[in-house]
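Novice: Checked TrEMBL, it gives:
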{"type": "DOMAIN", "residues": "A:35-109", "note": "domain 'Phosphoribosyl-AMP cyclohydrolase'"}
{"type": "BINDING", "residues": "A:ASP82, A:ASP84, A:ASP86", "note": "Mg(2+) binding site"}
{"type": "BINDING", "residues": "A:CYS83, A:CYS100, A:CYS107", "note": "Zn(2+) binding site"}
Protein chains: 2
Amino acid sequence: MADLDNALPWLDALKWDADGMIPAIAQDEAGRIVMFAWMNRESLLETVRCGNAVYWSRSRRRLWRKGEESGHWQRIRSIRTDCDGDVLLLEVEQVGGIACHTGRESCFFNELQGERWVPVDPVLKDPKDIYQ
Amino acid sequence: MADLDNALPWLDALKWDADGMIPAIAQDEAGRIVMFAWMNRESLLETVRCGNAVYWSRSRRRLWRKGEESGHWQRIRSIRTDCDGDVLLLEVEQVGGIACHTGRESCFFNELQGERWVPVDPVLKDPKDIYQ
């Protein structure tokens, strides 16, 4: 594990995986982890340029401007990377207080209880009312 | 993106990648993201069994009992997964208050400032005193 070489230009200092991707964790200002997604160089550059989180959708193979359909944008407060530069941590303001397509605050709403995953967080808004 | 099918046994409900891995985010009780690493089925089972975080070291190709060399164990408080079951979020008690091999609280100590990554968190303990 080689540490981040911050003598390199900032994009080159990051360790992109074999597919040119890096994982990105989005955390809101209250400390809640609201989402996890992937970025490529283009999406990270666009995130920095426009100030809202832009991911790379691996399923749709295109830039994914988080909030483009739901209005639930993520405004960037800060961007960090870890010791070896292969993960990003975005501090975001989660517009609307909902990050998940299920209408919950966070995508991480399933808790392991014994041998079952149990949804433990409330749905704040019906997805039918989010995606019209 | 298919949602988590929590009718399945809990390990099978998760979406393991082509290499049999799933990303895992470790968050301490104060909400700080302290680490990001990978798990396979064996390491997740061992994490649940022993109550401390056990990752899969992709570089060393073996189970990595976090803290085995440093004493900086991560005691598991809860385990969550996201809406589609392809990421884990571990709430941990970070023993010693240091998760990073650089002697910092968190691995995410590099902040993007303009076009530079700047280490913004203090080293709490000299790595030479951690790994003897």
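Backbone N, Cα and C define each Cβ position, glycine as well.
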Novice: What average pLDDT does the predicted model assign to the domain 'Phosphoribosyl-AMP cyclohydrolase' (A:35-109)?
Specialist: 97
Novice: Inside 10 Å of the Cβ of A:CYS100 (Zn(2+) binding site), count up the other Cβ atoms and send me the figure.
Specialist: 22
Novice: With the cut-off set at 10 Å between Cβ atoms, which of these binding-site residues ends up with the most neighbours? Options: A:ASP82, A:ASP84, A:ASP86.
Specialist: A:ASP82
Novice: C-alpha of A:ASP86 (Mg(2+) binding site) to C-alpha of A:CYS107 (Zn(2+) binding site): distance in Å?
Specialist: 22
Novice: Counting every protein chain present, what is the number of Cβ atoms, excluding its own, within 10 Å of the Cβ of A:CYS107 (Zn(2+) binding site)?
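Specialist: So the number of other Cβ atoms within 10 Å of A:CYS107 (Zn(2+) binding site) is 24.
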